[in-house]
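Engineer: First, the structure itself, so that you have it in front of you.
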Amino acid sequence: MFPYFIMLIFCGIPLFFMELSFGQFASQGCLGVWRISPMFKGVGYGMMVVSTYIGIYYNVVICIAFYYFFSSMTHVLPWAYCNNPWNTRDCAGVLDASNLTNGSRPATLPSNLSHLLNHSLQRTSPSEEYWRLYVLKLSDDIGNFGEVRLPLLGCLGVSWVVVFLCLIRGVKSSGKVVYFTATFPYVVLTILFVRGVTLEGAFTGIMYYLTPQWDKILEAKVWGDAASQIFYSLGCAWGGLITMASYNKFHNNCYRDSVIISITNCATSVYAGFVIFSILGFMASHLGVDVSRVADHGPGLAFVAYPEALTLLPISPLWSLLFFFMLILLGLGTQFCLLETLVTAIVDEVGNEWILQKKTYVTLGVAVAGFLLGIPLTSQAGIYWLLLMDNYAASFSLVVISCIMCVAIMYIYGHRNYFQDIQMMLGFPPPLFFQICWRFVSPAIIFLQAQVHRRLPQNPLHFGSLPERNVLLHQLPQRGRVPKHDPPAPPSPARTYKPQVRVREVPRARRQRSPSPAPLGPPSPKPHPCSAAGPLSWDCPVQNRHSLARSSARLLANSYAAGPEARQWEPAP
């Protein structure tokens with residue numbers, strides 16, 4: 001975990017604060033904020049492309065979670081035994097067919113089965129064959145699409161309908177839904193944790209999770225995995241943080257939000273690791289093998305290893321329902337942010353009165369396009385393309401985007417201007433630690449990570465060797481390396497934090513755009529109609545922002561020259 005915490009402190013939290021303050025001050029999406037330097041607007045388009053790629057395949061992972069959720073509504077889980085039509089002769093289940101009793105497990109394993117589980121390299125579990133041969137009906141090549149899996153296609157439609165209905169009124173509707181999607185997974189995690197630590201062998205799994213492998217601390221790939229986990233876990237360089245922060249009040253304390261959310265996210269990742277490895281330790285103890293034999297990552301953890309472990313629990317369908325319901329909520333929380341990022345960027349870029357009034361139709365169009373583009377991923381070769389997109393479309397690109405963003409803000413727009421903007425907005429300049437990280441430490445770390453990524457050997461992707469970064473469970477840590485993802489993901493409940501940074505859930509008004517680029521100053525007037533008070537009493541009235549033609553640095557200089565009574569800038573009501 002050491003590389004993970006280093007990347008979090010010196011790279012993750014500073015970038016998180018930068019994006020929140022950037023979007024909140026400009027009150028624009030990931031495209032509109034680059035009026036500070038139009039030549040870097042391509043960074044905003046890069047964020048949109050990354051969000052598009054992730055949004056397409058991420059909902060496919062959610063649809064698979066829906067499929068497993070519906071399949072768990074049965075007396076006996078379909079991946080518990082090897083007596084199904086799709087099973088092969090190599091299948092060896094951990095449950096004996098004679099113990100087909102309401103989810104109970106046998107006290108001991110037959111000697112021949114134990115020998116097979118401990119020594120045979122040909123053993124395939126019922127959950128793996130269910131995943132490969134029944135759910136995916138996996139083809140033999142990435143170019144052999146085969147048929148579209150109709151059950152997965154139906155679940156994909158369900159997931160996109162749910163996402164659209166939750167975003168039908170923009171952030172006003174998604175902001176209410178996220179109170180449930182962001183908090184209920186903690187309830188499920190706690191239930192699974194209490195159940196997991198009471199099982200035999202749970203302590204062995206937890207110790208496996210906590211014991212570091214110091215011999216790997218100098219491996220470049222470990223630090224690369226740490227950086228990838230941080231970017232996926234915190235959502236940096238996706239454009240979602242800038243978009244959601246643009247709905248904040250102008251004087252909202254985004255510095256406080258950044259620190260609290262980042263620490264909560266890290267703590268949730270560690271907590272989720274205890275939940276996962278307690279169950280895996282029980283499974284290893286039940287099979288009589290080492291925890292490393294049952295531990296997995298990526299889709300293999302979400303849809304093979306953990307479901308197989310759930311079959312060993314009493315009343316296994318209940319635990320399976322809870323687990324996959326949690327995955328669905330985690331995935332939807334992330335998908336809300338991805339879709340809202342795209343819709344906001346389109347609306348802000350067009351900016352005419354018609355599209356502002358018809359934002360719901362824009363949301364519908366993006367959802368329909370995402371569904372159509374996701375259909376090939378539900379084919380028999382879809383998992384190959386999903387892993388290809390996950391491994392190449394949204395990994396190294398996040399590093400490049402964040403590095404260019406740091407350079408553009410700190411050295412093109414100017415660090416003094418940006419620090420004065422934050423002081424105008426928050427009432428105090430950013431702490432010295434963040435100033436140093438923004439100017440030197442974070443860009444240097446990101447640049448070194450980019451160079452390391454280029455020099456690492458690029459091994460061919462194989463479905464049997466899933467990518468190191470998790471697609472959906474991106475919050476679940478891996479022992480000996482760093483806490484891993486999804487998608488993702490868990491992802492953990494922390495991943496769904498992004499909509500929570502919005503202090504104000506109101507519709508966006510049309511922006512007044514200047515004919516020529518100008519330094520970033522307080523944004524154009526943006527009316528915020530009153531709405532019902534939220535649970536944290538974020539009430540009206542919301543002060544309108546003053547439109548200034550001068551840069552923020554010039555504004556501060558003039559205010560100090562005018563006297564003490566003019567130093568506190570306050571937007572006109």
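Numbering starts at 1 and runs along the chain as it is shown here.
Any Cβ shown, glycine's included, is placed from N, Cα and C.
Annotated transmembrane segment per TrEMBL: 6-26, 47-70, 150-171, 183-210, 230-247, 259-284, 318-339, 360-386, 392-414, in sequence order. The annotation disulfide bond is assigned in TrEMBL to CYS82-CYS91. According to TrEMBL, the Na(+) binding site annotation covers SER233, ASN265, LEU330. The region 'Disordered' annotation in TrEMBL covers 479-541.
Could you place these features in context, so I can see how deep they sit and what lies close by?
Structural biologist: The list of residues near the transmembrane segment (6-26) in space but at least 6 beyond its ends in sequence, with Cβ under 8 angstroms from a Cβ of it, reads 32-33, 35-36, 223, 226-227, 229-231, 233-234, 236-237, 241-246, 248, 250, 252, 254-255, 257-259, 261-262, 266, 402, 405-406, 409, 421-422, 425-426, 430, 433-434, 437-438, 441-442, 445-446, 482, 501, 520, 522-523.
Beyond the ends of the transmembrane segment (47-70), by six or more residues, the same chain brings 30-31, 135, 151-152, 155-156, 158-160, 163, 237-240, 242, 299, 302-303, 307, 320-321, 324-325, 327-328, 331-332, 334-335, 338-339, 341-342, 345, 370-371, 373-374, 377-378, 382, 385-386, 389-390, 393-394, 397-398, 401, 471-472, 486-488 to within a C-beta distance below 8 angstroms of the stretch.
Cβ contacts within 10 Å of CYS91 (disulfide bond), excluding its own Cβ and spanning all protein chains shown: 19.
Sequence-distant contacts of the transmembrane segment (150-171) (same chain, six or more residues past either end, CB-CB distance under 8 Å): 59-60, 62-64, 66-67, 70, 135, 177, 244, 247, 331-332, 335-336, 339-340, 343, 359-360, 363-364, 367-368, 370-371, 374-375, 378, 382, 499, 502, 505-508.
A 10 Å cutoff on Cβ-Cβ distances gives ASN265 (Na(+) binding site) a total of 23 other Cβ atoms nearby, all chains included.
Beyond the transmembrane segment (360-386), the same-chain residues lying 6 or more positions past its ends with a Cβ under 8 Å from any Cβ of the stretch are 55-57, 59-61, 63, 136-139, 141-149, 152-153, 156-157, 160, 163-164, 167-170, 299, 339, 342-343, 346-347, 461, 463, 471.
Outside the transmembrane segment (392-414) by six or more residues, the chain places 15, 18-19, 22, 36-37, 40, 43, 46-47, 49-50, 53-54, 227-228, 231-232, 236-238, 438-439, 442-443, 446-447, 449-450, 453, 469, 519-520, 553 with a CB less than 8 A from a CB of the stretch.
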Engineer: Which residue among the recorded positions CYS82, LEU330 has the fewest other Cβ atoms within 10 Å of its Cβ, if you could check?
Structural biologist: CYS82
Engineer: Could you round the CA separation between CYS82 (disulfide bond) and LEU330 (Na(+) binding site) to a whole angstrom and send it over?
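Structural biologist: LEU330 (Na(+) binding site) has its Cα 31 Å from the Cα of CYS82 (disulfide bond).
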Engineer: Around the C-beta of SER233 (Na(+) binding site), how many further C-beta atoms are within 10 angstroms, looking at every protein chain?
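Structural biologist: SER233 (Na(+) binding site) is surrounded by 32 other Cβ atoms within 10 Å.
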Engineer: Spatially, and counting Cα to Cα, which of the binding-site residues is closest to CYS91 (disulfide bond)? Options: SER233, ASN265, LEU330.
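Structural biologist: Closest recorded candidate to CYS91 (disulfide bond) by Cα: LEU330.
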